[in-house]
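As written in Swiss-Prot, here are the features:
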- 415-461: coiled coil (COILED)
- THR7: O-linked glycosylation site (CARBOHYD)
- THR9: O-linked glycosylation site (CARBOHYD)
- THR11: O-linked glycosylation site (CARBOHYD)
- ASN41: N-linked glycosylation site (CARBOHYD)
- ASN86: N-linked glycosylation site (CARBOHYD)
- ASN111: N-linked glycosylation site (CARBOHYD)
- ASN276: N-linked glycosylation site (CARBOHYD)
Amino acid sequence: MELLGSTLTATYAHPPPASASFLPAIGTITSSYKDRFPHRNLTHSLSLPWRPNTYYKTAYNYPTLAPYSSRSQRVCESTMLPFVSNRTTFFTRYTPDDWYRSNLVSFQESNSSRHNSERLRVDTSRLIQDKYQQIRKTQAHSTQNLGERVNDLAFWKSEITHELDEMIGETNALTDIKRRLERGLIETEGPLQVSRECLFHREKRMGIDLVHDEAEKELLAEVDTILCCQERMRQHLDKANAQLASDRSAQHELEKDLSDKQAALRIDDKCQHLRNTSEGVSYFRGVERVDATVSVPETWAKFTDDNVLRSQSERAASAKLREETENLLIVTANEMWNQFNKVNLAFTNRIAETVDAKNKIHTHLTKTLQEIFQIEMTIESIKKAIKEKSAFLKVAQTRLDERTRRPNVELCRDMAQLRLVNEVYEVDETIQTLQQRLRDSEDTLQSLAHTKATLEHDLAVKANTLYIDQEKCMSMRNSYPSTLRLVGYC
């Protein structure tokens, strides 16, 4: 509603004009300054004679009230603005009672202020002394706490230093056993190469000597043994590398924690010895409101304790691995040496068998050669005998042939004729028998020659086998590494 003015008996107001007015709506102005300036009722002090009695006033909208009507409702007296036109005469501002009351109030306020000031002075003096003692006590407690903190830091520093020394020693020991394991693994390559070379050379055996004998079985077992030992050594080498990484990680955490402890110890020791007269003390505004802490005493102690426990656990695992590696080196060296001895024993037995077989073959070959010589002599004697018997046969047959020329009745089957016929048959049968014996002897000679060739071939085979086993294989196996080298010592 727009307020137009008032008289002694009435107040005039009507709804705001249409939007054709050049002034903005009061509601718009009110909404644009909402919550900026609180609503205040105009007082009498604003109604001065020189101010106009018609003006605009910021209105406040009460949504729970009914629309304003000049007929049914009147303007509330608390919201009515006084105007100069309402005054009938000039009036004074205060009464004598107000004046006395004001003086009394001033005196009372003065007494109260002085009393409060005196009490404040006494309380302040007492407060200064109390706070001074409290601050000194607080500073002493802080110094004591810093001293306890320094002691805790020194204790954990000594624990970390001791554990760090132990870890460094364990790491060095594990590094040494790892180097021995690497050297032992390298040393196994030589025996493995020797075993494979022996198998390769024995493949060059000839004929029946290319047999899967005990020596070859032991050589294959030696290769398997060495490969198995190498695999176990590689596995322990991988474990050693992993354990070294864990040890170095734990050592790094200890070194980092030790470095932090040393820095904190220097700082807290410096803070403990700071006094009010010390150099370097200054104001650092707001530092107490900055909470840069990342732990509490429990988690702080647990952090270092966990690092120490982790280091101890890694050291125990490292010591166990070292013991296992040491045992592995000894066991693998013994296994390889035992198998090496088995192979050598098998070679020795096989060489002895081959030498014995070779000697027997040589004996049989000698006898065969002798028999060949004898059978050749027999063949010559048979041929000579056949030749001699042929002369008797020719004489007998010539006699018979001559007697066939006897004339007429002289061709008598007399005793001489019968004897000559029997002689021819007898000599011819003898020659046939000798010729059969000659053929048999020649067949026997051929068989003996074949046997001789076979024995000579077998002798060459045995000689080749002996050369391979005795000269090549056994000579290579003389360079087998010692037990000390197999366990990693130079």
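Each residue, glycine too, has its Cβ placed from N, Cα and C.
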(message) Under a three-state reading of DSSP, tell me whether ASN276 (N-linked glycosylation site) is helix, strand or coil.
(response) coil
(request) List the same-chain residues at least 6 positions away in sequence whose Cβ sits under 8 Å from the Cβ of ASN276 (N-linked glycosylation site), in sequence order, or say none. (result) none
(request) Name, in the order they occur in the sequence, the residues of the same chain whose CB lies under 8 A from the CB of ASN111 (N-linked glycosylation site) and which sit 6 or more residues away. (result) none
